[in-house]
Amino acid sequence: KVGLFSGICMIVGTIIGSGIFVSPKSVLANVEAVGPCLTIWAACGVLATLGALCFAELGTMITKSGGEYPYLMEAFGPIPAFLFSWTSLLVTKPSSFAIICLSFAEYASAPFYPGCDPPQAVIKCLAAAAIVVITIVNSLSVKLGSYLQNFLTAAKMIIVTVIIVSGIVLLAQGKTENFKDSFKDSKISLSSISLAFYNGLWAYDGWNQLNYITEELKNPYRNLPLSIIIGIPLVTVCYVLINISYFTVMTSTELLQSQAVAVTFGDRVLYPASWIVPLFVVFSTIGSANGTCFTAGRLVYVAGREGHMLKVLSYISVKRLTPAPAIIFYGAIAIIYIIPGDIETLINYFSFAVWIFYGLTVFALIVMRFTRKELDRPIKIPIIIPVIVTLVSIVLVLAPIISAPELAYLYCILFILSGLIVYALFVHFKFSWAQKISKPMTMHLQMLLEVVPAEEV
């Protein structure tokens, strides 16, 4: 039921969330000058496009939903695939969902607390409510979730257009003083560039989301690569132009001091209509959260289908024909992350874990060029592209450990490896006591949610 236009909206709508409106100062803080900052934003878009092209070959070669999961399964077998699903289901996907909804809650509650920060309890309750609503919408209907995504993508493109057009007008009026000597006093090192990339790539995250719903795409051989080729360069152009717009009204120092860059821009340029910025940023974050939920629920579903999660998670709603148990499970885990988490900690935890598996998945493409030559490849990209993406992934994973080592990275690695214990108990050896725990839970959930295995639908 997902066509080319919906596919482009899914990519654009999921990528453009809270990142570009909140995090430009994180990129600037690492390189400390306008020129390198804009270069990093463009380079992040190029890397996201190259990564997505690798995923386009994988997605048309192995036309299964679930993103990285089926590709790792084909290339390396069940253990790496299980570790990916284990980490994604319990860390990267729900933490990403939680980050976006917390950003939404901050913007949505800000107008009710002028002059001060909203209470954390209000922000977290509002974020939890957003997760519940989005989970219900995507459990009810594929079409409803897709239509909501299309509407919210259109809404966020309005604010993107407003910011870009305002910036172009200001440039035409001669507001170019902040671009003079734009590389002067910049801080350029492997460490600073890597950390700047980390923050920039967070704003681009979602470039691989269409691979999670390959089975629901109309004509995936055509629409998957076309959506990528159109969607990600469009986002890259928007991101660079938005950053240029910010610098037309703010110096580097002012941008770094801003709590929410887009709101500061709106206050200076759009007054008295500045209220439209937080309103449309709310639409933007909800759209990104909806796209994340729509696609990530399919990963839970595919892992359940392969026997790597509770079997009930692979079941389909009898009435709605949606993977409702998987989506509800995903939403519940995301709510847990909201309770103790703050946005910055969650982003660091998320980014480190996710680039381990992005790199491993792109490396799987290189491996299958030699081990699975018989597979049909409707799209075949030059081998140099996955090589570049793999090498960049290695740098992105190692750079924060070397430059700013923290215990959080060790905990993340230990959590990933702890999946081996779960795999041994529940999947490989299938100990009887483990099955006794999971079977009654599956039966109760099946009756409660009115779901059946997909092959029975």
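Glycine is no exception: its Cβ is also placed from the backbone N, Cα and C atoms.
Pulled from TrEMBL, these are the features on record:
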- 7-28: transmembrane segment (TRANSMEM)
- 40-59: transmembrane segment (TRANSMEM)
- 71-91: transmembrane segment (TRANSMEM)
- 121-142: transmembrane segment (TRANSMEM)
- 154-172: transmembrane segment (TRANSMEM)
- 226-249: transmembrane segment (TRANSMEM)
- 275-301: transmembrane segment (TRANSMEM)
- 321-340: transmembrane segment (TRANSMEM)
- 346-367: transmembrane segment (TRANSMEM)
- 379-402: transmembrane segment (TRANSMEM)
- 408-429: transmembrane segment (TRANSMEM)
Restricting to the same chain and to residues at least six past its boundaries, which positions have a Cβ under 8 Å from a Cβ of the transmembrane segment (379-402)? 47, 50-51, 53-54, 56-57, 60-61, 190-191, 194-195, 197-198, 201, 221, 225, 348, 351-352, 355-356, 358-359, 362-363, 365-366, 369, 409
Among 7-28, 40-59, 71-91, 346-367, the stretch with the most Cβ pairs under 8 Å to the transmembrane segment (408-429) is 71-91
Is the transmembrane segment (321-340) close to the transmembrane segment (40-59), in the sense of at least 3 CB pairs under 8 angstroms with a sequence gap of 6 or more? no
Please indicate, using numbers and ranges, the residues of the same chain that are 6 or more beyond the transmembrane segment (154-172) and have a C-beta under 8 Å from a C-beta there. 9, 12-13, 16, 238, 241-242, 244-246, 248-249, 262, 265, 269-270, 276-277, 280-281, 283-284, 287
Let me spell it out: take the transmembrane segment (121-142), skip the flanking residues so only those 6+ beyond its ends count, and list any with a Cβ under 8 Å from a Cβ in it. 1-2, 97-98, 101-102, 104-106, 108-109, 148, 216, 286, 289-290, 293-294, 297, 317, 320-322, 324, 327-328, 330-331, 334-335, 338-339
May I ask which of the stretches 7-28, 71-91, 275-301, 321-340 has the most CB pairs under 8 A with the transmembrane segment (346-367)? 71-91
Between 7-28, 71-91, 321-340, who has the most Cβ pairs under 8 Å to the transmembrane segment (275-301)? 7-28
